[in-house]
Amino acid sequence: MAGQLRFTSGKDEDHFQHQGAVELLAFNFLLILTILTIWLFKNHRFRFLHETGGAMVYGLIMGLILRYATAPTDIDSGTVYNCGNLFFSPSTLLVNITDQVYEYKYQREINQHNISPHQGNAILEKMTFDPEIFFNVLLPPIIFHAGYSLKKRHFFQNLGSILTYAFLGTAISCVVIGLIMYGFVKAMVHAGQLKSGDFHFTDCLFFGSLMSATDPVTVLAIFHELHVDPDLYTLLFGESVLNDAVAIVLTYSISIYSPKENPNAFDTAAFFQSVGNFLGIFAGSFAMGSAYAVVTALLTKFTKLREFPMLETGLFFLLSWSAFLSAEAAGLTGIVAVLFCGVTQAHYTYNNLSSDSKLRTKQLFEFMNFLAENVIFCYMGLALFTFQNHIFNALFILGAFLAIFVARACNIYPLSFLLNLGRKQKIPWNFQHMMMFSGLRGAIAFALAIRNTESQPKQMMFTTTLLLVFFTVWVFGGGTTPMLTWLQIRVGVDLDESLKEEPSSQQEANKLDKNMTKTESAQLFRMWYGFDHKYLKPILTHSGPPLTTTLPAWCGPVSRLLTSPQAYGEQLKEDDVECIVNQDELAMNYQEQSPSPSSPTTKLALDQKSSGQTPGKENIYEGDLGLGGYDLKLEQTRGQPQMD
């Protein structure tokens, strides 16, 4: 080499830094506009366009400006140079250009399907996010918030129905969408719009699995504002929470389906292997998330972290995030892990937190959920113009619109009919119609679709998914209020006051004896509640009966070690607190908080507001497995007075 080389890590570091600041500033202004629009909508009670729909509109406008108002800044970026001395693709490459060495990093392999038509336009390329950002940064707070804010009482009273819709309903939707789309793909091949072999049945099932992920965030927000019938709200919310987890694992299982001989043919062994992968990944992710929540509960119970609310909140956040990262590192699904981590944290850990930490964790995850959700919907609008490999096919888009409506109908109506055969409180027709109408697509479907856009079928799926999200959020989300009126669904119902008065213990005993043969199917459910009340809550929280009264005498040292001192003082009452996150509650807590946050008065007020009821009134006996909704009764704990 003739002269001394000058090493540099980039073309113009200052230029790149300024460009990055401009891109972040653009997103910052989008979020500011979205927040102001939300305030305007709430102030004028405008419900025909939800905040997520407004965020997409602003994203569309910004994408339109970036697409047509910016020009390529590097005309040589699309030029291909041959390197005959390289026989593999290194992760980093040092290139000598006129005695200056530049460092380049590997991004992806370029082929005829993923080459960018806007090569050299640095702004458009930078505004196209790495898909992993959605899964590793934006989705976890949304999913954790869904689990942490779960309305436990209503959720478990409809648990059987929710599980049926979430698991069986998602599988039905996946298969129906896959079959309909396969028919349209064959029509596209016959019409000459696709080559035979470009789009296989497994691709159609993959599209069906990602489009099975419903995200009725718009509808649920309006339901919450109008205080819609709690049973309808719980069915729809519970289905959407678990449906996301099922759809993500189902999509992964289909993507790794690989028969040995023909990768696109049906193979029995490969099919059952995929089913096993689905069950294994789901169970492993569930165990991982629950384990981290149990560790958090034990740490908050047996340490004095509650005396330092900032440390307590920080530990709570980091351990919850670790559940997601550990599941991903272990080859499981972090989204499922963080969902069940949130549910378990709300059920156990929340009771151990100080009053300050209870309020802080609620606010923290509600804020993160709000911000992440609006970033995703803003980016959806942006991606319509900044994504560089869209494939618009009218026949495929038409088939997708038809498929999601047919699949939703095949999901809701048959399963509701079967559930009503066993439910004591039937799911009425107007509820079923509203659930059919509420099958919106949103953040999960978008994130699953954008994660892989390397091939032509995947690019066509992504473009179609984007259009479906726009249509369902704008049209169905905007039509929620008129649909509630047309279906005559009651509104203005308080979620807690709507619960029927609990029957007395004698009435429960008589009813249980009378219907003993009918409630045998709920034996597992009743056993779980008994185990949770007698053993898990006393071990993991400060509530529940002392373990000295529930464990055998020979376990005395262990029971005394694990029993919280507060449990002896509160032995006569049930001190389980439901974790309910909503904006009204947070506002009330701020207004009514005393000058001393750690005072007993403040703690009691916060606990009562967050639970929406007095301690000891949680209905731990009731549950519906979709097989009758009969009341459940726990046996009286030895050494403990009969609970009201």
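A Cβ is built for glycine as well, from the same backbone N, Cα and C atoms used for every other residue.
Taken verbatim from Swiss-Prot:
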type	residues	note
REGION	590-644	region 'Disordered'
TOPO_DOM	1-20	topological domain 'Lumenal'
TOPO_DOM	42-45	topological domain 'Cytoplasmic'
TOPO_DOM	67-126	topological domain 'Lumenal'
TOPO_DOM	148-164	topological domain 'Cytoplasmic'
TOPO_DOM	186-203	topological domain 'Lumenal'
TOPO_DOM	225-235	topological domain 'Cytoplasmic'
TOPO_DOM	257-277	topological domain 'Lumenal'
TOPO_DOM	299-309	topological domain 'Cytoplasmic'
TOPO_DOM	328-333	topological domain 'Lumenal'
TOPO_DOM	351-364	topological domain 'Cytoplasmic'
TOPO_DOM	408-429	topological domain 'Cytoplasmic'
TOPO_DOM	451-465	topological domain 'Lumenal'
TOPO_DOM	487-644	topological domain 'Cytoplasmic'
TRANSMEM	21-41	transmembrane segment
TRANSMEM	46-66	transmembrane segment
TRANSMEM	127-147	transmembrane segment
TRANSMEM	165-185	transmembrane segment
TRANSMEM	204-224	transmembrane segment
TRANSMEM	236-256	transmembrane segment
TRANSMEM	278-298	transmembrane segment
TRANSMEM	310-327	transmembrane segment
TRANSMEM	334-350	transmembrane segment
TRANSMEM	365-385	transmembrane segment
TRANSMEM	387-407	transmembrane segment
TRANSMEM	466-486	transmembrane segment
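Mapped onto DSSP helix, strand and coil, the topological domain 'Cytoplasmic' (148-164) counts 13 helix, 0 strand, 4 coil.
At the 8 Å Cβ cutoff, the transmembrane segment (204-224) and the transmembrane segment (278-298) share fewer than 3 close pairs (sequence separation 6 or more) and do not count as touching. Distant neighbours of the transmembrane segment (334-350): 135-136, 139-140, 143-150, 152, 241-242, 244-245, 248-249, 281-282, 285-286, 288-290, 292-294, 296-297, 300, 316, 320-321, 323-328, 358, 361, 536-537, 540-541, 577-579; these residues of the same chain sit at least 6 beyond its ends, with a Cβ under 8 Å from one of its Cβ atoms.
Mean per-residue pLDDT, taken over the topological domain 'Cytoplasmic' (408-429), amounts to 89. Here the transmembrane segment (236-256) does not touch the transmembrane segment (310-327). Their Cβ atoms form fewer than 3 pairs under 8 Å, with each pair 6 or more residues apart. Of the candidate ranges 127-147, 165-185, 278-298, 310-327, 365-385, 365-385 has the most C-beta pairs within less than 8 angstroms of the transmembrane segment (46-66). According to DSSP, the secondary structure content of the topological domain 'Cytoplasmic' (408-429) in residues is 14 helix, 0 strand, 8 coil. By number of Cβ pairs under 8 Å, the transmembrane segment (127-147) is matched best by 365-385 from the list 21-41, 165-185, 310-327, 365-385. Comparison of 165-185, 310-327, 365-385 by number of C-beta pairs under 8 angstroms to the transmembrane segment (21-41) places 365-385 first.
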